[in-house]
Amino acid sequence: MKFSEIVQKLDVPSHSSILNTDLDPEITGLAPIDNAPTGTLSYIEGGKFAAMLHKTTASALILPPDEKLQEQAVERGIAWIADTEPRLLFAKAIALFYKPFRPDVGIHPSAVIHPSVQIGRDIYVGPNVVIQAGVKIGNEVCIHPNVVIYPKVEIGDRTTLHANCTIHERSRIGANCVIHSGAVIGAEGFGFVPTSSGWFKMEQSGCTVLEDGVEVGCNSTIDRPAVGETRIAQNTKIDNLVQIGHGCQVGSNCALASQVGLAGGVKVGNNVLLAGQVGIANQAEIGDGAIATAKSGIHNNIEPGAIVSGVPAVSHKLFLKASAIYNRLPEMYQLFKQIQRHSTNK
Amino acid sequence: MKFSEIVQKLDVPSHSSILNTDLDPEITGLAPIDNAPTGTLSYIEGGKFAAMLHKTTASALILPPDEKLQEQAVERGIAWIADTEPRLLFAKAIALFYKPFRPDVGIHPSAVIHPSVQIGRDIYVGPNVVIQAGVKIGNEVCIHPNVVIYPKVEIGDRTTLHANCTIHERSRIGANCVIHSGAVIGAEGFGFVPTSSGWFKMEQSGCTVLEDGVEVGCNSTIDRPAVGETRIAQNTKIDNLVQIGHGCQVGSNCALASQVGLAGGVKVGNNVLLAGQVGIANQAEIGDGAIATAKSGIHNNIEPGAIVSGVPAVSHKLFLKASAIYNRLPEMYQLFKQIQRHSTNK
Amino acid sequence: MKFSEIVQKLDVPSHSSILNTDLDPEITGLAPIDNAPTGTLSYIEGGKFAAMLHKTTASALILPPDEKLQEQAVERGIAWIADTEPRLLFAKAIALFYKPFRPDVGIHPSAVIHPSVQIGRDIYVGPNVVIQAGVKIGNEVCIHPNVVIYPKVEIGDRTTLHANCTIHERSRIGANCVIHSGAVIGAEGFGFVPTSSGWFKMEQSGCTVLEDGVEVGCNSTIDRPAVGETRIAQNTKIDNLVQIGHGCQVGSNCALASQVGLAGGVKVGNNVLLAGQVGIANQAEIGDGAIATAKSGIHNNIEPGAIVSGVPAVSHKLFLKASAIYNRLPEMYQLFKQIQRHSTNK
């Protein structure tokens, strides 16, 4: 596909432009900037990657609105287009070239489906899938091999369940969701009450609900509670190996990075970002739009819009200052001892 | 079921009482206090939830022995019962209403069971289960779909293996255990010896032993060692995504919260609580009844009964003090600099 | 097997020796030093285990070149051999006694294999394995039950895939690799671009490549990127529950301990050691031979050979000093306040 054709299909806002109109290379695919063969389209976003412009062998680039970079591209004979959101444009360009794998409609004869299961039209059910009693499955659902669905689960239209994931009893999964391989949705919450004679198991009679457009990463686990629901609201995206404890309520449009852990009953607002390995203690509430940086440990409620870091988590600004001083503690301690001696000697 | 009937079935100690004897609502189910429809029974434990009493629409409550709360409930026309352990009582109430899913006894024809396998009575083996040579399975065992059991494993009476879990060779799992979906028991420990020509793989000839009443959460992993055993003692409960390294010895009645990681050869006593994302280094020993708060990183031995926090872990009291001062470090550093200047100028 | 026979087979360098030539016990197996029945061979490496020599009931020991330990063994009537690398020698001794489980060659009739799949000689394919279109499988490959392989995957010679793991489309796995149970290779990276109307999903058109000799632990996840490759170089060993984000490049001969998490685009050099629960932020670069201690949080590039600790990670030496002073912060703060008062009063 000619670069000009790609640009046309991307429907870029008019303030962007292709300077080198005489350059219109044939683009055969997309590539990362630091490993882009001739004939590929790549993109630059932010300072770190800008340094790679002088050596990339990409034939075309999506650039930010930065004239210096644009001039450099011209000098290097690279076709380019500029946009305020290069990464978004690149994502759209990928979709022009890449057709994700999707099995043909049909139910494999090795699938074990209970006769009471209700199934929509145009679905795919792969080999060795097990679907138990009372399950309802929408239209155009795609269930990859070796998935197990416990009784009374509901799966919305156009949702994809990847291989080897498990959906436990009574879970309700909305439309346009993706559950990645090995994820476990709606298993029993960790509910044990201490007694003088040991742990008393609290039955987990609740369920897990994923609203429309939720994605759950590989091997992540979202437990169901003793009573009520664990709920993930619309369009929230969850990465791999994330734990969501029983009874958590996660808002819409959040992103939870890998290895995040929410204990029981945590409430997360809308548009919240939790970076990798963040942990949130029982019952804590995280306000809308809050951000927790990687490895934060949150024990208390977090205000809407706050950015927090550290264990226990404090404002990110304070964390940056305090952790900078933390590194000077040995030196500070030495001086402190000197002053102390001085002060005592007087 | 009438509330009075529930109370009767719960067999509550005599010091508890229902004040509003004229209130005896029909209870149709149980619910969390902050989302309790009319007709449900809920409970309050601790201060945070007490604030919800004034707006809950639950028809009955299990309360702590707190007269103020009891009066409030009376004022709001909510039937109640008080107990020193409201959560335990609530757990027992759930068991009156909820019958956990349990498949009917039988072996699905798609299960692949080696002829040498010994199987007890009244067991369930789901579709696509694979049980390899020399495995012994007790009575009333429940093996959900797509479980794989490697050779020479032993599974005790009334144990449940959830869908998509894997039990590796020679593992011995006791009676009344629950292995949740995706968990992997008894896989090879991470044993690589560095040599001048790269890693030398140490074969993992040992096995993993889970004693009676152990639960292992979804996608948790308990490795086997090079020699000897990895052992989890009776009634210890392990949450999701927990890693137990090769050769660990975990005592009885412990609770390991989600995403805890034990390196190799760790010894954990009895009645130990490890909160979420705690990590314990190779060979460390944790005394009976110790508690590690969330995200602690333990490198050394911990005394019995100690409560520890932080990385590296110190006493929880010290951690609370030091982390409070940590937040004042920027301010402290400013004053410190002033004093230093003052001291120098003299 | 006589101890002398074991020693002979181990082909120990000549500077080692068996002192007690009159002792040549029959060895029936291997065991850990703290739980070694009579008739077993064990080993001692490092100070901690040395303390166990006076009470072990092992019949023979592999010792470090430490005369005191050797004398102790003589006194206790324990046969021994000394070597500079006792653990390596013990690993070799295990291999004399232990034959790992390996199923017989053959393809189980319940496996679902697309007709376009190319299969080498002498392979094992277990029950309920699913292999999709265009997959190429080398010689002597061992695919345990319930594994799912998406389309166009390549698996090299002598590689083992353990039960319930999932290999996603276009992944290329080299020779002599081991993928442990529940691991997920090559699933979609976590690529969502924020827009005013919510997350825009970036299709993940790249692939994951594992070079020869790579091991991936149970339930670990190695994502594929939007474009290009996620690549793990030769002989790198990855423990359980590790997350490798989209587009990471990990060098050769590394060891990544359990629950490590690499965000997107991280570059790890050769011979790097990442201890348990380490996290590395997007795009960070870790130099050859660097070591990150347990729970480190790395945001910036790390020099080759550096040893780092803490969050954010600093040199391990500085971390040790600073964290020692951290514990004195309360005391330091008190003194600081006194000095401040003193200074003000003057």
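Every residue gets a Cβ built from N, Cα and C, even glycine.
What TrEMBL records for this protein:
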type	residues	note
DOMAIN	A:108-188	domain 'Mannose-1-phosphate guanyltransferase C-terminal'
ACT_SITE	A:HIS246	active site, proton acceptor
Across all chains shown, how many C-beta atoms besides its own are within 10 angstroms of the C-beta of A:HIS246 (active site, proton acceptor)?
26
Using DSSP and collapsing to three states, where does the residue listed as 'active site, proton acceptor' fall: helix, strand or coil?
coil
Summarise the domain 'Mannose-1-phosphate guanyltransferase C-terminal' (A:108-188) by DSSP state, stating how many residues are helix, strand and coil.
0 helix, 29 strand, 52 coil
Would you mind giving the whole-number mean pLDDT across the domain 'Mannose-1-phosphate guanyltransferase C-terminal' (A:108-188)?
98
